[in-house]
Each structure stands twice: as C-alpha cells, then as structure tokens.
Amino acid sequence: MKSFLASVSLLALTLSLAFAYDPSPVQDFCVATTTSTNGVFVNGKFCKDPKLARIEDFVFTGLDTPRPVTSAIGSTLTVVSADNLGGLNTLGFFVVRVDFAVNGQVAPHTHLRASELLYVAQGTILAGFVSSTEDGNRLFTKTLNTGDLIVFPMGLIHFAFNVGRGPAVALTALNSQNPGTNFIANTMFGSNPPINTDFLARAFQLDPRIVMDLQNKF
C-alpha cells in the first residue's frame, strides 16, 4: 500500500510539473486591465470585473495590414498578446504577424515555454528547426509556400527566411501567454552585462576581436 501511494504521489508530482505553465483558467475569462480598481491580480495582470467585459476586449483588428520593414534583418513582428488584447489573459495564446522584406528573416531563436505554429499567408519562406544535442542536432527544414504550415517544437532553435522574389507574410501562434523568447545572437552577444569576451571566443572558436565586434552590434 505504501508503495502504491508513493507511486501515485510521484505521478501527481510529475503531472503537476508537466502542466505547470499556462494552466487552464477556472473562470470564463479574465480580461487584463492596467488598474487594480475592482479587479484581482491573476497571472501577472489585474483582471477587470467580468461584468464590465465588452466584445472589444476579445477582438483585434488590422492583422491584414502590411507593416513597414525597417529592421536590419528584414522583418517586422506585430504581436497580439494580453498586453494589447486583454481578453487573451490566462487563455495561453500569443499571436504574431511577421512581415518579411525580400531576403528578410526571423533570426534563430527559442521559446522556453511554448511550441509554435507558423502559417505562410503570402510568399515563399524557408523555415526549420534544429533538434537537441541528445538527438544529434539534426536540421529539419522545408521551403513553404502560401497556405503551408510548420510546427516548431517547444524549446528548440528555429528560424524563418524569405526566399521568394517579393515580400512575404506569416502568421504564428504560440501556446503560452508568455512564450519566453530568446534570440540566440542577442542572448549571447547582447547580454547585460556582457559575457566575458575570451569565454565567448573559446566557446564559439572565434577570434576575440570578432566577438567584440558582435557584442558592439548587439
């Protein structure tokens, strides 16, 4: 009996850890608000009185509108989250429109708390991810056309690159309100304070001067 109870306890602990992120809400909705007046603090945000919720709290317009691309890597991210759509709070969603210039990209990055779906709404995009070291760091990649979709597993480094002759657009959805995004280059070469230059030079097998140049850029 003791062994059975111990097994049940271990299973319960394992399940609690597996589902420790973005748990299912126990109310219909919890619309985020910037004020604590008549609200409660849930999931890092105050929630308005449910009786004051409106349809506008659950609708975002304009994702069909092209965004100008001015970044150095040739892409613009338009984020829809609980920060600008209060009705998303506690629902475990994070949505992004990505506008790509010709040769634009979304640089290699990871999401600590979310898997991601990327849907190509316009153009031709080369997308892929790299498996873990335990799996041999295998590269999974595919050229996607309008109407295609790819899944990026949680925690794995992934990327997207416009390989078409014109602009491209993708829509992505992540299954966490706060995915925990880390762009690899920014994280390693743009940390605050900076990581020791000699350490990075040895880790990446680069000349320290190259590392210093990268740190200045990020």
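Cβ atoms are placed via backbone N, Cα and C, with glycine included.
The signal peptide annotation in TrEMBL covers 1-20. Per TrEMBL, the feature disulfide bond maps to C30-C47. Taken from TrEMBL, the feature domain 'Cupin type-1' applies to 61-212. Residues or ranges marked as Mn(2+) binding site in TrEMBL: H109, H111, E116, H158. TrEMBL lists H111, E116 with the feature oxalate binding site.
Overlay of TrEMBL annotations on the structure.
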residue	record	Cβ contacts under 8 Å, 6 or more apart
H109	Mn(2+) binding site	I157, H158, F159, T181, N182, F183, I184
H111	Mn(2+) binding site	F152, M154, G155, L174, S176, P179, G180, T181, N182
E116	Mn(2+) binding site	V151, F152, H158, T172, A173, L174, P179
- Message: An 8 Å radius from the center of the H109, H111, E116, H158 Cβ atoms defines the neighbourhood of the Mn(2+) site; name the other residues of that chain inside it, in order.
- Response: T110, A114, F129, F152, L156, I157, L174, P179, T181
- Message: Quick check on the disulfide-bonded residues: of C30, C47, whose CB has the lowest count of neighbouring CB atoms inside 10 Å?
- Response: C47
- Query: When you measure from the Cβ of H158 (Mn(2+) binding site), how many other Cβ atoms are you left with inside 10 Å?
  - Reply: 22
- Query: On the 0 to 100 scale, where does the mean pLDDT of the domain 'Cupin type-1' (61-212) fall?
  - Reply: 96
